[in-house]
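Below is one structure, written out as structure tokens, with a few remarks after it.
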Amino acid sequence: VLHNLRSSYPSMCYAPTEPQTKQISKSGIQLFPSGRSKLNHHESKTFSLNESTCSSDLQLCRLNNTSLMLLSLIAATCTLKVSQIFAALLNTSVVDLYIHASFSYDAVETHFDNTALTYVTDYMIFLWMLYGCVRLINLGCKFTGKSKRERQLRRLCFTTAGLMLSYSISVLFGGTAHYLCVSWEILNTALFRMLWTVTVGMVTMAGGIIGLIGTEFAHLLSTTSDKRKRYHVIILPRWFWILYGLVLTYVVYDGGMSYKRPVCDIFIAGCTQITPTLYAVLVVLSQKWEENEATMPTLEFGRNFRVEYFIGFFLNAPMLPAYSPLLDSGLALGSINTVLHMGLSIAWGMQYRSIYNFGLHNLTNLNKTA
């Protein structure tokens, strides 16, 4: 904690690794290692400073961490409640879609498609996302890590690869559930609960990873000049978003997002991504972009990146209000799921492509300046 505090707030707390001495004089306060007292013509006195001196500042650090932890829990809880209310308001169908089930299903209100249209398209998205994950990992490995900028870009690539991996795991387990669970009786077994918990849980964890992407971009932009910033953003710690995702994933495991129509579980889990998505988008919006790449040789925010980035993270939002009209139109569930899967593949693909191209362009620029 002291190490993180010293690196983030050097003026708040100083935790030395060896005894230090403070020289206090009329001209001010100066710190010197022990055994290297530096005196001037002013009257001065020295005293030893050890880690106990920072006890009050350490309590402040812990208070800040505790506040952030509470903020993460509150953000997850409030986002979940707002998502449930928002989804219910957008339900224009004559059918009540959001009937809580807690993994207990029946033959009357439960509807779960098991046709090839659903699970085949799930497996296709799995291959598409796995391909994006592998490419992002390969790109991240190309950054040598010699400079801070390269290490930040490498971490961004690996974090986005984790997002693609969570997507791929979700559709893989979801497709398997659609393939194996052919009756409502099977939906009440431990097999379906395990498969569907992973399917929905990976969506909630993906929200936390999206927040991590925002944090990585915030670290990248923290070194840019104030002249190139529209506004300053708070750099939330990485564990903030990990806790956010874990809390919502636990709700999934506990049955708090389980509905008679399991597709609604996915809708609610997807809605909980709104908070980290807004953070990730606002971080990038805080930067003033330069269309001339030569003016920014090591951090290029081209127009193509911005278009794909913003659209990609919001393109899956229209699927929630579109589901009710599609259901009332009389289309089979397999056809509806195919339409939704097409939208997901495009949205997730744009997320992958935008950050991949961003990293690739900046890798090229770094090699030019090397």
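Every residue, even glycine, has its Cβ placed from backbone N, Cα and C.
Note: TrEMBL annotation is automatic and uncurated.
Quick look at what TrEMBL lists:
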type	residues	note
TRANSMEM	68-90	transmembrane segment
TRANSMEM	123-141	transmembrane segment
TRANSMEM	153-174	transmembrane segment
TRANSMEM	194-221	transmembrane segment
TRANSMEM	233-253	transmembrane segment
TRANSMEM	265-286	transmembrane segment
TRANSMEM	307-324	transmembrane segment
TRANSMEM	330-350	transmembrane segment
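Three or more CB pairs closer than 8 A are found between the transmembrane segment (330-350) and the transmembrane segment (123-141), so contact between the two stretches is assigned (pairs 6 or more residues apart). Residues 98, 236-237, 240-241, 243-244, 247-248, 251, 256-257, 264, 267-268, 271-272, 274-275, 320-321, 324 of the same chain lie 6+ residues outside the transmembrane segment (68-90) yet bring a C-beta within less than 8 angstroms of a C-beta in it. Within the same chain, residues 103, 149, 152-153, 155-156, 159-160, 162-163, 166-167, 169-171, 173-174, 176-177, 180-181, 229, 233-238, 240-246, 248-249, 251-253, 257, 262, 265-266, 269-270, 272-273, 275-277, 279-284, 286-287, 299, 313, 355 sit at least 6 positions outside the transmembrane segment (194-221) and bring their C-beta atoms closer than 8 Å to a C-beta of that stretch. Counting only same-chain residues 6+ beyond the ends of the transmembrane segment (265-286), those with a CB under 8 A from a CB of the stretch are 75-76, 79-80, 82-84, 86-87, 98, 174, 196, 199-201, 203-204, 206-208, 210-211, 213-215, 217-218, 221, 229-233, 236, 241, 244, 248, 252, 257-259, 301, 306, 309-310, 313-314, 316, 319-320, 323.
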